[in-house]
Amino acid sequence: MDFGIWMIILWGLGIFDEILAGKVKYTVKIGIVINKEDECGLVVKQTWEEMRFVIERDKGASYDMVTLDGGQKHTLDNLLEARRHFSRKRYAILIGCHDDVTQTIANKFKVPYIVLEPPGQGRRVIGFNNVYHISPHYEIHLQAASDILYEYRWSKLAIIYSDTIGLHLIGDMMTKYQVQACRLTRKSSDRSVDMDIQKCLLKLRQGEFANILVNADGGYLARILYQAMKLSMLSDRYSWVVMNLDSDSRNLSEEFGYTQVNLTGLSIVDENYTATLLNRGPKRLSYNKALSVDAINLVLESVAKIRETWRHRNLSVACRGSGCVQPVPKDDIARAIKYANMRGVTGRIHFDEDGYRNNVSMQVQGLTENGIKRIGTWRQNENIFERRLQMPAPNLTAYSDTENVLAKYRPIKVVTLLESPFVMLKKEHATLIGNDRYEGFLVDLLAEVAKKLGFTDYYEIYEVPDGKYGSKGKDGKWNGIIHQLEICNATMSFAATSITSEREEVIDFTKPYKDLTYSILMKRPKRKATMFQFLTPFSGALWALMGVAIVVVSVMIFLMDRFVPNNLVHHADHTRFNAQESTWFTYSSLVGIGPEVYPRTISGRVLAAIWWFFSLILISSYTANLAAFLTVSKIETPIKSVADLAVQTKIGYGTVQNTYCETFFRKSNIEYLTKMWTYMSEVAPDSRVKNSSEGINKVLTGSYAFMFDTPILQYATTQECDAMIVGEPFNKRGYGIGVPRGAQYRDAISKEILILQEEQIVKKLENKWWGNAKCEEFKSVIPAGTESLPIENISGIFFVLIGGIILAVIVCFFEFILARRKNKLHKNSKITSTKRHSSVTDASDETKNFINPVTNIPSQVILTNGNTDKQMDKESSI
């Protein structure tokens, strides 16, 4: 038997010396009511057995303990059977759980009945004069809890309860707060109970209820807290209030004291008084155990007071001599209990007129690393709130330094999924064990984080059982890594898990450790080699227009040289622009050789200048484009973007099942993305693969486009030379480390991730795992400037050429008009000169044989001069 109970009973039997001095032996017949559905009767019986040898030391009284079954239905047959039973047994007092049949018959026979719990209806029952409820009524607990909630200023709370009284609790709280209730029912196995508790807590966490009120039977509290710890609901963001902290006798501080939970509880067990009785440190008793001790102690003290009263009054006894036995009347016991005022382990015991405890005081206790400590007091009879509830501050619990917070969760279970190059098995993994089997970017990153947070020797990597990242099914349940974190099977996840709002409804993510986009992976097409590569800089239409331009310009130069009057007469050394020379001039100017002759007319020179400018632009464009074609690998692909996939049917496409990439297509409202999801889900369901490795193999073996995370596909292109990424990345987001919802170590991990990024350690790890490429890097998208130059890009220079031709024609026209006018004037001048020559000739004949009297020059000389004038006129006409 527990030593503390011995001391308590001996204290209750402190008047043994006087009783032993008498000769009369008093007998008390005690009935213990045992209800199969409740354990309080069994606890009373167990406590009685533990106290038996102490009780038997009292030679002046004997106690006959008899058990009787409770829990019978309130029927006429059961009442009659109970009445016959009471008539035979003649009980002096009853102790045990509440039972309607027993209570009715006990009241009929006026047998005092000490009940260890309030009625299940949750209301005060009157009319039973001999029923005494040693446990404080439910209304007292409710009033105390309400005062604490008011002190904490809660407006939204969740209630976890395990009995019918909880229904009345919900009804009362709903008038004051926003309430979410969760009931725990009795199960046949512990596993079933734990599953119910876990389901309940997940529901509260999804509803973001951070304030939780617990009113549960004995044994539930520790289970609730344990499941809450697994779900990271004992962090500092959650606050718990327990209406009956005595319902579990286990040392909660040893199991949960290291957490940062704000847990406040009400306790009727006066541990200071218990410690005084035991003369040592506090000894924690369960709720029913403490009530059982007080109930038995109340009976013993009541009997002792009756004997003392009889002794002082010298009341006569019906027998004489030693060995006389006198039953203690039940009425006297009932009267003694009714007016009892004793101090017990549950506080001061006193009953009101209806048999309920009054003037109840409770201790407000908080859970700390150093144990459950008293942090306040609640007194029932105080009308002023400040006097009724005396607490120092709402934040009641005190915690120690939590620098290495993850060390408290050892062993730390890290869930992952094999994905190159994030997490991979080593080649020799079959000969290794534990974490040594794995390598990769995230394995190295995990080692760095563990080194920073001090849990290097305490973490264990395991692969997710179903091989999935995690998505929500039609039934609302998650699978994969997300499910492992949701039910707290894992402490954290180190995998290529993308951060999404839907996933953050059930788990938490750290800061992103790497950016994420989606890309398309396709098989690399073979290069197309051709002997006419030099023609690729220009499109076919552009080449045709160049030929037309050469012909047109050649013809225009020929015509201008032929029909402009200034070119009708040539010097002997001047070459005419015939068809051959015009074509050669045009071509040689275009290719930059330079012509041998140049136009002499103004219009020809205007056209030549425009043609030279045209040639300069065209040759420069050709040279630049040809250089780009010769230096950049050009890979022709039929797919350039996600939209191209949607509008074709020759190439299949898909992604990995149960990933956010799949969810992205499924939930998209964009028309072509919706069309693609219809294809992947209905037309070709096998296009969605189980993992990325299967998708990459499908790309290499067939006409298939694989859409998935860009970092994973980039690594694939460095290892598989026949694969390439096409198009631009889309849907940018980030990778994060997943932790259970509300995990208090999330911020610590996020901080270390940021530090590692600032120290360039993350960058070094990326270069280590993505920089070791087996294949040359190339791009399937043709860079700007390497496509065949279309007409649209250079059509302007043709318009310039056309404008130049028109200008040359206009100049040629005016030049032609001016030349004709000049020739006409020249002809008129020639006619006048001819007439003048004729008159001079006649005059010379008359004076042919005479000597000039003035100059004395012979006439021959004058004729010679005349001939000279004719020669001059001839030259002038020329």
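Counting begins at 1 with the first residue displayed.
From the backbone N, Cα and C atoms, a Cβ is placed for every residue, glycine too.
Per TrEMBL, the disulphide partner of Cys721 among Cys661, Cys775 is Cys775. Take Ser498, Arg503, Asp709, the residues named in the record as contacts for L-glutamate: the widest Cα to Cα gap among them comes to 17 Å.
Taking the mean position of the Cβ atoms of Ser498, Arg503, Asp709 as the L-glutamate site, the remaining same-chain residues with a Cβ inside 8 Å of that point are Tyr469, Ala496, Thr497, Ile499, Thr500, Leu516, Thr659, Tyr660, Cys661, Arg733, Tyr735. A mean pLDDT of 84 is what the model gives for the domain 'Ionotropic glutamate receptor C-terminal' (411-772). Sequence-distant neighbours of Ser498 (L-glutamate binding site) (same chain, six or more apart, CB under 8 Å from its CB) are Tyr469, Leu516, Thr659, Tyr660, Asp709, Arg733, Gly734, Tyr735, Gly736, listed in sequence order.
Rounded to a whole number, the distance between the Cα atoms of Arg503 (L-glutamate binding site) and Ile639 (site 'Crucial to convey clamshell closure to channel opening') is 32 Å. For Arg503 (L-glutamate binding site), the same-chain residues lying six or more positions away in sequence with a CB closer than 8 A to its CB are Gly470, Ile482, Thr497, Phe509, Tyr660, Gly738. Its own atom aside, the Cβ of Asp709 (L-glutamate binding site) has 26 Cβ atoms within 10 angstroms in the protein chains shown. Neighbours of Ile639 (site 'Crucial to convey clamshell closure to channel opening'), defined as other CB atoms within 10 A of its CB across all chains, total 18.
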